[in-house]
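Engineer: Below are the features I grabbed from TrEMBL:
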type: BINDING; residues: B:ASP83, B:ASP85, B:ASP87; note: Mg(2+) binding site
type: BINDING; residues: B:CYS84, B:CYS100, B:CYS107; note: Zn(2+) binding site
type: DOMAIN; residues: B:36-109; note: domain 'Phosphoribosyl-AMP cyclohydrolase'
Number of protein chains: 2
Amino acid sequence: MADSVRESGSDFMPRFDANGLLTAIAVDSATKDILMVAFMDEEALVRTRKTGLAHFHSRSRGELWLKGETSGHFLKVEDILVDCDQDALLLVVEPQGPACHTGARSCFYRKLGEEGLIPVGN
Amino acid sequence: MADSVRESGSDFMPRFDANGLLTAIAVDSATKDILMVAFMDEEALVRTRKTGLAHFHSRSRGELWLKGETSGHFLKVEDILVDCDQDALLLVVEPQGPACHTGARSCFYRKLGEEGLIPVGN
């Protein structure tokens, strides 16, 4: 019952996993390119909705992380889409610079070939 | 050192999490719409590469899952992109039907509004 309400209803009932996290994907509103994937806990979600800037939860540092806090490359959130079982979010964003910490526009700058990874120019 | 090799190198070194999983996002090669998000363990990744059809690991059932096995709505994989730290994959696919088990084309058929979730027609 809870599952069908979650899937078909209009109530936002985010389903955090055992670690209190949702998967969050940032997609460029202009190009539809996927920029990065990270995780959000409840605090990151609340801060994101309140400020309009993407916040995540760093699993390695165990803390709230405002994307762009040090680089200035914030992700301005235009829309948040929710998937069927409400354990993943799609952030439709206007990036204020390269989204990847490597300086690449997107974190997905390589594809898998037969012999290894091949640059794709993202 | 391992991190920089992972980020800049051409070696495929998938970084499975503590549960042995990677995040896998399926995106429609024709429309660039994000269709679904799931998880892959090593077995699912090997099967996907071998067959060209998206396989995932079901966290709830704890087993390998060939997407479309019961519905016929397979995801034909054209490319696999890898992110900077190699813990997320982007499957560029040609869907053979609705990707969502609800019958929606994409699992992301609602967006978050002030008062709850709003259908977006995906």
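Even glycines carry a Cβ here, placed using N, Cα and C.
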Engineer: Going along the chain, which residues six or more apart from B:ASP87 (Mg(2+) binding site) have their CB under 8 A from its CB?
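Structural biologist: In sequence order, the residues whose Cβ lies under 8 Å from that of B:ASP87 (Mg(2+) binding site) (at least 6 apart) are B:PRO14, B:ARG15, B:PHE16, B:ASP17, B:LEU22, B:THR23.
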Engineer: Measuring Cα to Cα, how many Å separate B:ASP83 (Mg(2+) binding site) from B:CYS107 (Zn(2+) binding site)?
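Structural biologist: About 22 Å separate the Cα atoms of these two residues.
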Engineer: Between B:ASP85 (Mg(2+) binding site) and B:CYS107 (Zn(2+) binding site), what C-alpha distance do you get in Å?
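Structural biologist: Here the two Cα atoms are 26 Å apart.
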Engineer: With every protein chain in view, what's the tally of Cβ atoms within 10 Å of the Cβ of B:CYS84 (Zn(2+) binding site), excluding that atom itself?
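Structural biologist: That number is 20.
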Engineer: Grab the pLDDT values for the domain 'Phosphoribosyl-AMP cyclohydrolase' (B:36-109) and give me their mean, rounded.
Structural biologist: 97
Engineer: Any idea which of the binding-site residues B:CYS100, B:CYS107 has the thinnest Cβ neighbourhood at 10 Å?
Structural biologist: B:CYS100
